[in-house]
Structures are given as structure tokens and as C-alpha cells.
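Reading through the C-alpha cells given below for one structure.
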Amino acid sequence: MKTATAVVLLLFAFTSKSYFFGVANAANSPVLDTDGDELQTGVQYYVLSSISGAGGGGLALGRATGQSCPEIVVQRRSDLDNGTPVIFSNADSKDDVVRVSTDVNIEFVPIRDRLCSTSTVWRLDNYDNSAGKWWVTTDGVKGEPGPNTLCSWFKIEKAGVLGYKFRFCPSVCDSCTTLCSDIGRHSDDDGQIRLALSDNEWAWMFKKASKTIKQVVNAKH
């Protein structure tokens, strides 16, 4: 009887370990672009709605009325407009693959000269009382994971079969208390479509910004 019990416990331990190992691997699986390639840090991508046509265009740098700097994160209305390319940087600088559920910086790479001297790294702005929103803006800090840069770290999670959603729930500081929420689309008073913390996430996909980049990424595999 003791032998049978020991075998059952051993089997349970092995099964549990295998299960949790699988869950851990799934939680850290690579984010894939529209070509099915792993997202790479430092490579430029367009962030496009996973819903074509009525889903709108790509994410881009924008400006709020009466505020030239820092810039804000907006979505272009036309699905023919890819927006502004972004690059990703991991909190774990040793990993050059962008993975789901891990902390990343997201930084716009402007295609033209800017008037602002602020950074184009995404950050969660202070609460907007008039709009009742936590908007995603720019002027974040790249790298330096820790309590002083909490607002600059985002996560990418699966959303449906082909899409991904953005989430704010930084884990770069174990002792810090922080917000945890999905990120969705909301219109501001100017009618611009912006990103903000939301109970209703929006699904996105990532497209390489040029054929040259596609060739470089494919050469790594």
C-alpha cells in the first residue's frame, strides 16, 4: 500500500511539474509578427489593428490640442496608413526576442524631424481627471528597470487567434504597488483615437517596417 501511494505521489509530482513547466513556457512564448517570425528587439515594426478595414490604421505619434510636447499615442483612422514604426526593448537586455507577459519598452521611430526634444518611449501618463482616463503618452525612460521607471514598461499578451493586446502591469519592481490593466482605444475630446487603460482591450498585430528588415530577421533563423 505504501509503495502504491508513493508511486501515485511520484506520478502526481512529475505530472504537476510538467504541467507548470508547460504553463511557464507558454507564458513566455515569442510574440510573432505578420510573417510568423519572432519579434526582435531593435527591429522596426508597424503596430496595426488586427481587424482590417473598420479597425483603423496603425499607431503613431500625435499631439493633443494645446499641448505640443510630449506627444501622445494615437491610431490613424485609415487602414491604408501604417502609422509610425516602433522598436521594442526588453527589461531583460540579454534576450533579443520579444516574449508575451514580459516587460518591454516601446519606442516610436519618427520618420521625420520632430519639434519635441522629449523621448518617444511610451509611458503611462498621470490620471486625466477631466477625461477619466489613464492615457498612454510618450517621454518615457528607456531601460533602467526599477521603481523609477515603472510607467515606461508594458506587456504584450495574446488576444484571440492572431492578435495581441497591450497591458500595463509592470513587474520590474517586486516591492512596488502598481496598476494592472489592459489597454484599449478611446476617443479624446478632439476626436483622436488614443490608447488608455481599459476593461476592453484591442487586438493588434506587428508588421515589419521594410523588406530589408524582413531579410535581416529571416537570416537569424
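Keep in mind that glycine also has a Cβ here, set from the backbone N, Cα and C atoms.
Residues or ranges marked as signal peptide by Swiss-Prot on the basis of sequence analysis: 1-26.
Positions annotated as disulfide bond by Swiss-Prot: Cys69-Cys116. Taking the Cβ of Cys116 (disulfide bond) as reference, residues of its chain lying under 8 Å away and at least six apart in sequence are, in sequence order, Ser68, Cys69, Pro70, Glu71.
A 10 Å cutoff on Cβ-Cβ distances gives Cys69 (disulfide bond) a total of 13 other Cβ atoms nearby, all chains included.
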